[in-house]
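Asker: Here you go, one structure.
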Amino acid sequence: MARTKFERTKPHVNIGTIGHVDHGKTTLTAAISAVLASKDNTVQLKKFEEIDSAPEERARGITINTSHVEYQTEKRHYAHVDCPGHADYVKNMITGAAQMDGAILVVSAADGPMPQTREHILLAKQVGVPSIVVFLNKADMVDDPELLELVELEVRELLSKYDFPGDTIPFVTGSALLALEACMKNPKIGEGKDKWVDKIFELMKIVDEYIPTPQRDVDKSFLMAVEDVFSITGRGTVATGRIERGRVKVGETIEIVGLKNTKTTTVTGLEMFQKTLDEGIAGDNVGVLLRGVQKTDIERGMVLAKPGSITPHTKFEAEVYVLTKEEGGRHTPFFPGYRPQFYVRTTDVTGTIEDFTADDGSKAEMVMPGDRIKMCVNLIYPVAIEQGMRFAIREGGRTVGAGVVTKILE
């Protein structure tokens, strides 16, 4: 079968369902896909079973089960991620395996917010999911409208507690299962025939309006992690790597950041696949020729960046998932003072883990394999780090944890 071309006509947004186990995240994912397919024949229907049996993926040495569904509204194209198990959510959000521009928090109206509801909201805040909309599910099981109001109030309070705008976040109340069943009975149902189906249309209109279109990588400030360095006789030093974001032109001034003192230089040439380029953009694997830079001035682990856009740091706070023994992680706990390697972009840097903090703010004495914990890290030399950056924790070449920087300390 010939592959269909991806038409880039609408803005693209990455979105995901989050919330407590059995509150209906996967059912809602299936319902959105079915409801949009009932109106627009270009949306491919994904059944509940297909979404629920999520394939394994590997991100930063960790196996994660995630399901990807794509669909579109009149305004946008969406890639939607759903995870079958709670541990998969934690790993997915921390490794950034599936980056989310926004999330739909699913809360069962019959049960109200539960422990994982809280944990997913906290995680969304820590890893920088910018906006959340709420779907109160299983509304067909609640007869008392006052109870629905009470649940909504509880969820709003919880969102505010974790610094989301709880008072203004949009809520939609419905039943994912009944919407899905209506679509199964009549796959071309469209809008205006069933109140539960219409609730899903309402939800997607809100997602369209409320979750902002993300800034494209190309429009951000230039950054490239250096993977390799070599010198060309008579021409100078070339740094190679993949441009993470932004764009770079020949003749521009850039900074070399990390490991040593920041150095300013000019791009005198760009190459890709042995051909010269005038400009490299996000996603390109390029060689960058640098003026007046010796091969000894630059090494793997440094980054090339737009001047002033990123600075080197040694101390930061991070949210970390520690791998279990079964996932190839440690067999034993570790304690404050533990010194593993932190794999940042392209290189390992040794660092000391100074302390651990649990979700409730208390200090933890030790960390077990399988835990998720907030930690304070001190690296032995400065690296270009920023909030929201992902890294792996390694010990003797094997990955023992994955983390995301939540706060720069120094």
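Glycine residues also receive a Cβ, built from the backbone N, Cα and C atoms like all the rest.
Computed from a predicted structure; not experimentally measured.
Per Swiss-Prot, the features are:
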type	residues	note
DOMAIN	10-215	domain 'tr-type G'
BINDING	19-26, 82-86, 137-140	GTP binding site
BINDING	Thr26	Mg(2+) binding site
REGION	82-85	region 'G3'
REGION	137-140	region 'G4'
Asker: Determine the most Cβ-crowded residue among the binding-site residues Lys25, His86, using a 10 Å radius around each Cβ and all protein chains in the structure.
Answerer: Lys25
Asker: For the region 'G3' (82-85), what's the model's average pLDDT?
Answerer: 82
Asker: At the level of the C-alpha atoms, what whole-angstrom distance separates Ala139 (GTP binding site) and the residue listed as 'Mg(2+) binding site'?
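Answerer: With distance taken Cα to Cα, the residue listed as 'Mg(2+) binding site' is 16 Å from Ala139 (GTP binding site).
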Asker: List, in sequence order, the same-chain residues at least six positions removed whose CB sits under 8 Å from that of Thr26 (Mg(2+) binding site)?
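Answerer: Non-local contacts for Thr26 (Mg(2+) binding site): Thr17, Phe48, Ile51, Asp52, Ser67, Asp82, Pro84.
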Asker: Taking DSSP as the reference, which of helix, strand or coil describes the residue listed as 'Mg(2+) binding site'?
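Answerer: Its secondary structure by DSSP: helix.
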Asker: What same-chain residues, at least 6 away in sequence, bring their CB to under 8 Å of the CB of Gly19 (GTP binding site)?
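Answerer: Once residues fewer than 6 apart are set aside, Gly19 (GTP binding site) is near Lys25, Leu105, Val106, Val107, Gln116, Thr117, His120.
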Asker: When you measure from the Cβ of Asp22 (GTP binding site), how many other Cβ atoms are you left with inside 10 Å?
Answerer: 13
